[in-house]
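Presented below is the structure to which this report refers.
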Amino acid sequence: MEPRDGSPEARSSDSESASASSSGSERDAGPEPDKAPRRLNKRRFPGLRLFGHRKAITKSGLQHLAPPPPTPGAPCSESERQIRSTVDWSESATYGEHIWFETNVSGDFCYVGEQYCVARMLKSVSRRKCAACKIVVHTPCIEQLEKINFRCKPSFRESGSRNVREPTFVRHHWVHRRRQDGKCRHCGKGFQQKFTFHSKEIVAISCSWCKQAYHSKVSCFMLQQIEEPCSLGVHAAVVIPPTWILRARRPQNTLKASKKKKRASFKRKSSKKGPEEGRWRPFIIRPTPSPLMKPLLVFVNPKSGGNQGAKIIQSFLWYLNPRQVFDLSQGGPKEALEMYRKVHNLRILACGGDGTVGWILSTLDQLRLKPPPPVAILPLGTGNDLARTLNWGGGYTDEPVSKILSHVEEGNVVQLDRWDLHAEPNPEAGPEDRDEGATDRLPLDVFNNYFSLGFDAHVTLEFHESREANPEKFNSRFRNKMFYAGTAFSDFLMGSSKDLAKHIRVVCDGMDLTPKIQDLKPQCVVFLNIPRYCAGTMPWGHPGEHHDFEPQRHDDGYLEVIGFTMTSLAALQVGGHGERLTQCREVVLTTSKAIPVQVDGEPCKLAASRIRIALRNQATMVQKAKRRSAAPLHSDQQPVPEQLRIQVSRVSMHDYEALHYDKEQLKEASVPLGTVVVPGDSDLELCRAHIERLQQEPDGAGAKSPTCQKLSPKWCFLDATTASRFYRIDRAQEHLNYVTEIAQDEIYILDPELLGASARPDLPTPTSPLPTSPCSPTPRSLQGDAAPPQGEELIEAAKRNDFCKLQELHRAGGDLMHRDEQSRTLLHHAVSTGSKDVVRYLLDHAPPEILDAVEENGETCLHQAAALGQRTICHYIVEAGASLMKTDQQGDTPRQRAEKAQDTELAAYLENRQHYQMIQREDQETAV
């Protein structure tokens, strides 16, 4: 029987339950080999109450889950260990160790609970969040986790005295949550939370492995579930179970062992094993092969894409085993690939640029893995031509990591040609042709994308040299682009590559192309392996009408040789192509003087040389597949209709950033554009053409759109169905997605340049009474014959700080989103004059888009207020919901503008709120 609430047992449990959680997975990773697990006893799981509600599990009910045997040499308490932010691969690694990173989430209470929290009465105490199990604690409270017996999900098991091949399974890792998305797996109801950021109430119990969640009450969470095997969730096929990873015991150096070592030393000398294969490692991999599994190794380059890499690592640690996620800045991919080389059906995900992919492919070549694991790509940063070729897109936007893992699992395995480059000095070059700044060696001896020489390499080389000399001047993507443009223009005026044809000789498959090149007089010659080049352009084009050339492939063993004049280089950016020279299997290129060259984007000035290009091998890659091909049609599934009639609705960037985790609110904030009719099997590429024609039809549906603002060229589709939130679809991947997979009756698009009030379907009709309150501005379409106030009058009222006049104009139907010639809004002008009353009025009555509206130089009103040191106005704007992560044309955020104005207090405030915004979004993205 359960004790009553007044009993001593219940009271003692009550005091502990606020901080209690269970980790039922501890026992599968190394329990004491000679002790049988104790049977669950109801006396050890009393019915408990926490703030008036029954809780399902408590610390007191988990004492039967003994911790694993201590590791020799390992620290015995949390306080004696350092706070780790990376996975520990040493022999002293702690079982169930958390992976901490700093966080500013003020809404989450310390996980250890009030009884054990040592910092609850302190102010400004730093907090840490575990990337693998998502608990948040004060930094001083980390050592208290041992007192409540809470460890992170285990990432390995002890070998012990058992047979290492003995089959084992993973148990759930249960964690109490005060905030939880989704629905209870038992009752199907949502997790009701009235005050998300201030509630101490534990509402859910969820597993860090499979992400299943239950209400924290005995009617939903059954006690027997604590020891149930865990399925590892929807990504079980790619998750490497902790039961595969064993911590090995260091061999004992006994006298008998040393004699055996000496006796076998001669045999080891003649062994074919390399030094890496023979040395002892603290961890070994003992996989259990299964045809249904595709275990995944994730390699992340944190330097790629600004700060994207570091954030991506945290997301993968949550979805996967932390010991299958590797930071390439911590030593490269070789150790991990060597350790996992015997895992069957292994796949690799490279998170970074094309250079990161090349690094991993070269390492696979060195290790000679048979068969080589296929490599998928999560593109970070810009460029990413190889990722575009394999349908992974030109960069990472905000696609959920869960969807990325599904794409990697379902992707098609394809081949990629890789080419050897062998350069040697040209013996025929004279001393007058030598250049002191030139080198005899290429930056890379293998390329996957392209090898080029001439104009493009010269521009890239100047950029790299300038960045190495003055790195502080190249910390902005906008500045980098401006430098590229300026260098290209000056190089064009100087004509530094106009005589390229006079100094090179090209022989392809024994045929001399030099006369053809001299007639063409190109300023750039490219040897291309993949269709994409220079951030997505297609220089080979589609030679369907030319019988002399075949369409380009990345697995046919042929290179495409292309020449570029200045005219064809300019046409390349608008869909043109270069001058097709030939397709060949081998190239011999001879240069008679120092010429700039680049190998997959790595430039150098190469001295007069003789360069031979030949096929090296083929790498195995993962190509992102069309989604319908990965989902077979079920018998109860509805057939695709011949035609689809779909409502198109547009979403502004401000609404998307604020609401894309709340589908219903974002749908309400969308602006209807009209209706399109497309074939039932249309992909998004075809649908885009129909949508762009929508507003071009004067008498069509687009003319009746509630908004007259046309679509900007940068609009993209939003997936509203396949995830728990909206997310953007890269334009380069539109051909991979069907309309029926991202929309039902309505399709949503994101327009980053949409300004003005969001049109709603519930706008008042022309017969509705006109609003008289300043809180209800009159839409222009509802004013009949009365002419609306001129925008210039509104601007003047804001400039003169004339609050009454502005209010009067607004009541008369003035558009608070009016802009002047410099694209400055009324809020920009109000901030410039420092008028707090006008600022408050605009924030209360103008559409939310005004908060992040930018003027010509890319400044928002918050940038302006921060630069002027207007602390109160900054507070108003931030509290209204303005983005603190927007950058101006100089690449500065509002916080950086405050720092430049030497207002340290304002900068500290903005930094605090910026972190809060980032953590808020991250918490929502990783919520179960």
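Each Cβ is built from the backbone N, Cα and C atoms, and glycine gets one as well.
Looking up Ser13, Ser21, Ser258, Ser781 in Swiss-Prot for phosphoserine, the annotated residue turns out to be Ser781. Range 172-230 is the one annotated as zinc finger, of 172-230, 349-407, 526-584 (source: Swiss-Prot). Cross-referencing Ser290, Ser705, Ser712 with Swiss-Prot, the residue annotated as phosphoserine turns out to be Ser705. Counting residues of the domain 'DAGKc' (291-425) by DSSP class, helix then strand then coil, yields 53 helix, 33 strand, 49 coil. When DSSP labels each residue, the repeat 'ANK 1' (822-852) comes out as 23 helix, 1 strand, 7 coil, counted as helix, strand and coil in that order.
Residues belonging to the motif 'PDZ-binding' (924-928) score a mean pLDDT of 36 in the model. Residues in the zinc finger (172-230) partition by DSSP class (helix H, G, I; strand E, B; coil) as 5 helix, 14 strand, 40 coil.
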